[in-house]
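Visitor: Relevant sequence annotations retrieved from Swiss-Prot are reproduced here:
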| type | residues | note |
| --- | --- | --- |
| BINDING | S15, L16, S17, T62, N87, D102, Y220 | shikimate binding site |
| ACT_SITE | K66 | active site, proton acceptor |
| BINDING | E78, N151, R152, T153, V154, E155, K156, I218, G241 | NADP(+) binding site |
Amino acid sequence: MEKVYGLIGFPVEHSLSPLMHNDAFARLGIPARYHLFSVEPGQVGAAIAGVRALGIAGVNVTIPHKLAVIPFLDEVDEHARRIGAVNTIINNDGRLVGYNTDGLGYVQALEEEMNITLDGKRILVIGAGGGARGIYFSLLSTAAERIDMANRTVEKAERLVREGDERRSAYFSLAEAETRLAEYDIIINTTSVGMHPRVEVQPLSLERLRPGVIVSDIIYNPLETKWLKEAKARGARVQNGVGMLVYQGALAFEKWTGQWPDVNRMKQLVIEALRR
């Protein structure tokens, strides 16, 4: 019998997840389909009960439900609990277990796409929202030397560092981070600044950027933000958000099926869809 997977969120119609997952199911000969489930904010509990009742094998969870699903699950793994958000649920015979593959997917994409190890690296993360949380806690599980946080409201960055690792992390205002740019090997934008349709704005001035540094942006629409274009012009190696999108999906796929999908194929499909 064909297994059912899907995405729970609101809205979901623009998601590229069905494209990635259904192609991977077909290529690996797995009898399964991935669907979109639009779930309004008041209906999260009912939707999760539906996953149980209908025997849906697994779901991804997107905005605005990553926090709201947690009370309805039987178990939440430690990494997801620490982040305070779930993006992947597995249905083990009616027992629902929540995971978070966002930050882990980001870190794996960064290492594989840039062909680096994070050991000993000094990293600056811009932003302190949901995306930043997942990435920050995932970076803490690597051997990076420093993971510093910069945010418009410094208090949010401070809270994150206090929850994380105050020995390896400091927190700054954006203005202070701009003066310290030369200290870092990797600079990551986790905010939506520069995303379509407001493509003219940039999260941080790159005036003091050293050539050869990696500049990474989790935005994938546009594929190359104005900020990444400038970083490239200043001699940086750049990475867009397609890798994170694909690898968080691939990690969820692996949790559901026990098989690792063709991530290069997934990337190609996503880029083609974004260019349409």
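Placed from the backbone N, Cα and C atoms, the Cβ positions cover glycine too.
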Visitor: Counting other Cβ atoms within 10 Å, pick out the least crowded of the recorded positions K66, R152.
Guide: R152
Visitor: Report, as a single number, how many Cβ atoms besides its own are within 10 Å of the Cβ of S15 (shikimate binding site).
Guide: 17
Visitor: Check each residue in the chain of K156 (NADP(+) binding site) that is at least six apart in sequence and keep those whose C-beta is under 8 Å from its C-beta; list them in sequence order.
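Guide: When sequence neighbours closer than 6 are ignored, K156 (NADP(+) binding site) has A128, G129 within Cβ distance under 8 Å.
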Visitor: Taking only same-chain residues 6+ apart in sequence, whose CB is under 8 Å from that of S17 (shikimate binding site), what do you get?
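Guide: When sequence neighbours closer than 6 are ignored, S17 (shikimate binding site) has L7, Y34, L36, N60, G249 within Cβ distance under 8 Å.
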Visitor: Please report the distance from the Cα of N87 (shikimate binding site) to the Cα of R152 (NADP(+) binding site), rounded to the nearest angstrom.
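Guide: Computed Cα spacing between N87 (shikimate binding site) and R152 (NADP(+) binding site) is 26 Å.
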Visitor: Nearest to Y220 (shikimate binding site) by Cα, among K66, E78, R152, V154, G241 (recorded positions)?
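Guide: For Y220 (shikimate binding site), the spatially nearest of the recorded positions is G241.
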Visitor: Could you state, as a whole number of Å, the largest distance between Cα atoms of any two of S15, L16, S17, T62, N87, D102, Y220, the listed shikimate binders?
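Guide: Across S15, L16, S17, T62, N87, D102, Y220, the widest Cα separation comes out at 18 Å.
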Visitor: If you count CB neighbours within 10 Å, which one among the binding-site residues T62, N87 has the smallest count?
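Guide: Taking T62, N87 as the binding-site residues, the minimal 10 Å Cβ count falls on T62.
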Visitor: Within 10 Å of the Cβ of G241 (NADP(+) binding site), how many other Cβ atoms are there?
Guide: 23
Visitor: Per residue, counting other C-beta atoms within 10 angstroms of the C-beta, which of the binding-site residues E78, D102 reaches the highest number?
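Guide: Output for this query is D102.
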Visitor: Rounding to the nearest whole angstrom, report the longest C-alpha distance spanning E78, N151, R152, T153, V154, E155, K156, I218, G241, listed for NADP(+).
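Guide: Max span of the NADP(+) binding residues, Cα based, is 29 Å.
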